[in-house]
Every structure is written in structure tokens, then in C-alpha cells.
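Features as listed in Swiss-Prot:
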BINDING   Gly169, Asp170, Arg171, Gln172, Thr173, Gly174, Lys175, Thr176  ATP binding site
SITE      Ser370  site 'Required for activity'
Amino acid sequence: MKLNPIEVAEILQKEIANINFLSELEEVGQVISVGDGIAKIYGLANVKSGEVVEFKSGVKGLILNLENDSVGAVIMGDYSKVKQGDNVKRTKDVLKVLVGKALLGRTVDALGNPIDGKGDIVSKEYRHIEMKAPGIIERMSVSEPVQTGIKAIDSLIPIGRGQRELIIGDRQTGKTAIAVDTIINQKQAHSLTNESDKIYCIYVAIGQKRSSVAQIVKKLEDAGAMDYTIVVLATASEAASLQFIAPYSACSMGEYFRDNGMHALIIYDDLSKHAVAYRQISLLLRRPPGREAYPGDVFYLHSRLLERAAKMSKEKGGGSLTALPIIETQAGDVSAYIPTNVISITDGQIFLESDLFYKGIRPAVNVGISVSRVGSAAQIKAMKQVAGSVKLELAQFRERESFSQFGSDLDPATKAQIEHGKRLVEILKQDQYHPCPVEEQIVSIYVGTKKYLNDIPIQKVKEFEEAMLAEIRLNKKDILESIKTEQCITEEIEQKLKAFLENFIQAYCVML
């Protein structure tokens, strides 16, 4: 059979058209050394900083160092599977993480993979873990409150939507407890239909013990708070690269809510361990060490993360992302490198002191040096009305109390001030995992500031407060409802509250 030259040409053209040359092109390098979770790769001349590469075993790596003849990558996963001489290929993509409402109620790792045994997460939306923080024009000032349910914080150190408020203190002073209480306190808003009141929560555990995180997850499940919470986990046993990535991944999950007109709260527990993980990576990558052996860009490490928390303008949907970073200090030293860095980045700090904790003042908030740089802009009017003088009264009490230690002969006015201060301290005490609705907080603080507790023995103040709130919930719910809806104490509400308190205190004192 003789083929026509035209037919031969057609057959060849068809065959050539079917060959996809581009799909065959891959940029491949080789591992020249590997150890301690770091791989040095030769042959990836065009690779970008922050790009994901794939090793022969399927393990992913993140490019962090670009040198003249090689690149340095941190291995995200089991680095024992990576061997010298293995091929490494470029993905031409930066690190992305799964985002969306499908993640709510789930526990995921630093790369967004589920680790709770509840099956796959169904979401089609991905985001880069490193995103640029919103600019000045895209933001608006913080003006709406985030109710933590903790009297000492909501009254004296208010947190607003879009704020960055640092929780700082020694180990075992109740830092995580404040964060968990804040998550639990959002349950009431989620039980209502108004979307603008709901705050979705993300808890990021960096370098924590698995047992500790399991307890927190169980507590959130028992309180019914996991329905609106995402837990991101990079425990102490995981690679430093995953501990380094975890907060950025979680922040991208929070930005999904922020950029879609919703409100989110993210807790970084804790950034001290995050800085240690980054120091470990930097030293292994042979980057020059600075103060306390941290690399030179450790400030930028946290500033680029915390700047992503923002209250967006109306044009951008009016959503918000609030950040509560946690820092652990050593023996109360807040002048160390990482604490001072994060204090300068955030919009205020809540100082927790072990001395107060051991005295039984819990939450152990030092009201004198704790501050919210947003201030009363993040409080409802009713709270401003009752709590305006509390900080000053507590400061005067501390001064008088320290002065009274030098002598017992005090004039009646000073004695009265000290007694009043002691009762204020008592009324601000609160049990763990018992967040208090804002309207009940307002009643409690009103009772304290208006000196209704003067006739109640100090050891009975807590008992009195519980009895009073139980009574007002049962028989005078209209007062609480009025405060909640009006968001301020009108003359009418105040008259009703005064009448109730006078009758209740009279009856209570008879029982004593």
C-alpha cells in the first residue's frame, strides 16, 4: 500500500497536535543535605521565597532561604522521609489553607487538614496563609465591644471588635482561661438570629501539650461553643515549621469571616513559643542571630501577623477580626525581648500576676498596669456609666492599703475607702468557665460602686452577689432586659434598680 504524501503530512500534523510539550516541563532540583527539618536544595534557580516545593516522598517543603548556589527549605511534615539525593520539584505556588464555615466545629492542623476523626472538610475556598494587612483607607476605628463575660475586663480594660489586646503573664496565671471564657461567652449571641452580633472564634495552640489542648476542646464541646469555633493545632511534638505556620494559617481562616462582613475572634496561644519555633528555624538556616539569639526580623514575624486584625470600613463590608495574642513571661519580666515587641504592636495589654492569683484574686488581672488603648469607645453606654470611676477607686484603695501597713491609726474616711476598695475587689472576682452576661455585670458593678455592699461582710460579698443575681433573674427580669435593649441606664431603670436593691439588701441583712 502506497501512502500519498499529503496523507502522511496530515497524519504527522494530527500526532504533533496531540503532544502537549508544556505538561512535560518541570523544574527539578536535588537535595544536597538534610537534617533537623531543614533541606538544602541545588538546581531550583527560579524558585521564589515562600514557594512550596514537593519532595520525592510527597512531603512538602517551604522555601525560606535563597542563596547563590542553593536554596534552604523547611520540611512541613516527617523529615525522615526526605533523603540526600532525592529529587525536588517546584509547585509554582505559595502555601494555601482551606477556609470557610465548613471548618467550624473542627480541629485541624497547621495546614488545614482535619485531625479530629470526623471525616473530610467540604469547602472549595482556599486562601494564601501570608496575606497583606488591610490599608488605612480600608479600616475604620474600633467602636463595637467584644464581650468577654469577665467583669474585670469588660468594665476596666474593654476589648473592641478589630482590636489586638495582649494577654500577658507568668505560667499558670489563667491566661488561657480568659481566652476560653471569651469563646464560651459568645454562645448567647450565636443562639440569636442577628448575624451582626455573632463572633466566630478561632483558637490556635502553638507548642502546647496535646493533653492541655484536648481538655480545652472538651470544655468547649461541653459548653456548646465548638459549633462556632475552629481549633488549629501545632503541638510541641510537631515540627518547628508547622508551629511557625499555624498562626498565619489560622489568621487566613479568620480573614474569611472578616472579608465577608462577619466578625471573628482569634486567640494565639502563645506567641512566645511561636517566636522560639521561628528562632529554631532561623538558626538551622544559618541566619545571623541577634538579641536572645532571635533573628533580626522577629519583630516583623509578629507585626505582620497582628496587623491583619482589623475593623473593616462600611465599603469593605464592615467585618472585623479581633486578635488576643498570649505571651508567657518568666518571673514577671515584661521587659524581655518578645514581650516588649508584642506590647508595642498591640492596642493594649491585660497583665496577669501570680501574686494576685495566689491571693485568690481570680482572674488575676493587675488593673493598675493593664490598659486598653481603645478605651471606653468599645463599651456600651450603660457600662461606661457604672464603671467610669472603678479604676480610680481601685488605684486609691491600693495606695491607701499600702499606706495603712505602716500604722493602725487611720481616720474614718480612709478606713471607709479601704473597706469600699476591698468590696470592689471582691465583686470583680469570678470563677473560671462562668462568663457573665453584660447586663448582669452592670448590675454587679453598680452595686459595688454605689456602696450598697458597705453593710455586707467581705467574706459574704460573693454569696450576696450570687443571691442578688438569682433574685433579679427570677423576679425582676425586666430590669436586665431594659439594660440589654436600651444599652444605657435611664432614670427609670435606675429607680427600679435602686428600689429592688434596697428591698433585697434589707431582706438579706435580716438573714445574716
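Cβ coordinates are placed from backbone N, Cα and C, and glycine is handled just like the others.
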Exercise. Between the binding-site residues Gln172, Thr173, where is the Cβ count within 10 Å the lowest?
Worked result: Gln172
For this session: Measuring Cα to Cα, tell me the gap between Thr176 (ATP binding site) and Ser370 (site 'Required for activity') in whole angstrom.
Result: 17
For this session: Would you pick out, from the binding-site residues Gly169, Gly174, the residue whose Cβ has the largest number of other Cβ atoms within 10 Å?
Result: Gly169
Exercise. Asp170 (ATP binding site) has how many other Cβ neighbours within 10 Å of its own Cβ?
Worked result: 18
Problem set entry | Distant-in-sequence Cβ neighbours of Arg171 (ATP binding site), under 8 Å, six or more positions away | Glu328
Exercise. Can you list, in sequence order, the residues of the same chain other than Gly169, Asp170, Arg171, Gln172, Thr173, Gly174, Lys175, Thr176 whose CB lies within 8 Å of the CB centroid of the ATP site?
Worked result: Glu328, Leu352, Ser354, Phe357, Ala364
Exercise. When you measure from the Cβ of Ser370 (site 'Required for activity'), how many other Cβ atoms are you left with inside 10 Å?
Worked result: 22
For this session: Name, in the order they occur in the sequence, the residues of the same chain whose CB lies under 8 A from the CB of Lys175 (ATP binding site) and which sit 6 or more residues away.
Result: Ile167, Ile168, Gly169, Asp269, Asp270, Ile326, Glu328, Leu352
Exercise. Does DSSP put Thr176 (ATP binding site) in a helix, in a strand, or in coil?
Worked result: helix
Exercise. How big is the Cα-to-Cα gap, in Å, between Ser370 (site 'Required for activity') and Asp170 (ATP binding site)?
Worked result: 15
For this session: Enter the number of other CB atoms within 10 angstroms of the CB of Thr176 (ATP binding site).
Result: 21
